[in-house]
Amino acid sequence: MAGPATQSPMKLMALQLLLWHSALWTVQEATPLGPASSLPQSFLLKCLEQVRKIQGDGAALQEKLVSECATYKLCHPEELVLLGHSLGIPWAPLSSCPSQALQLAGCLSQLHSGLFLYQGLLQALEGISPELGPTLDTLQLDVADFATTIWQQMEELGMAPALQPTQGAMPAFASAFQRRAGGVLVASHLQSFLEVSYRVLRHLAQP
């Protein structure tokens, strides 16, 4: 029977492919895009920079978590996706952004709501492991900063609601395994969300 070192690359690839397939609907929503908006260029460039930073942080967390799952056989790909459903780990929609008629107010609102959601999901992963703690903390801060940037722009445009949203119920992880498996799914969902966000923002930043 092959050992962990032999099975690790195959399991890692299978897990990444399965997670990518489960995220495909989000990426498919990214076409086509409507005409560019009149959002300030400085705001859009700042957002693009923040997205790239979060993508780097998220990729680092995702790589460590997926590698652990593959190496120590903690997460079978199909079981991991089923666990995500049972734990109620949600997706953040961006349906108002990549469409023929871009809804600017709705898009900014969904960007902010999505970031706020992932901020809560990342907070739910606290205590996942001492090794991953610093990476998780950095990721939380960067997501919170990006959400603040979006909210401030909404306020400047008069699009912000009277009150900021409150965090809903987050998944409850009953074991260290569930927390690590949930971490893989949260990181994957966040990366898919950021891919679409980046594409939309880059389009809007075009002259």
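The backbone N, Cα and C atoms fix where each Cβ goes, and this holds for glycine too.
In Swiss-Prot this protein carries:
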DISULFID  Cys69-Cys75  disulfide bond
DISULFID  Cys97-Cys107  disulfide bond
CARBOHYD  Thr166  O-linked glycosylation site
SIGNAL    1-30  signal peptide
| request: Provide, as an integer number of angstrom, the distance between the C-alpha atoms of Cys107 (disulfide bond) and Cys69 (disulfide bond). | output: 35
| Most Cβ neighbours inside 10 Å, all chains, among the disulfide-bonded residues Cys69, Cys97 | Cys97
| Under DSSP, is Cys97 (disulfide bond) helix, strand or coil? | coil
| If you count Cβ atoms within 10 Å of the Cβ of Thr166 (O-linked glycosylation site), leaving out that atom itself, what do you get? | 7
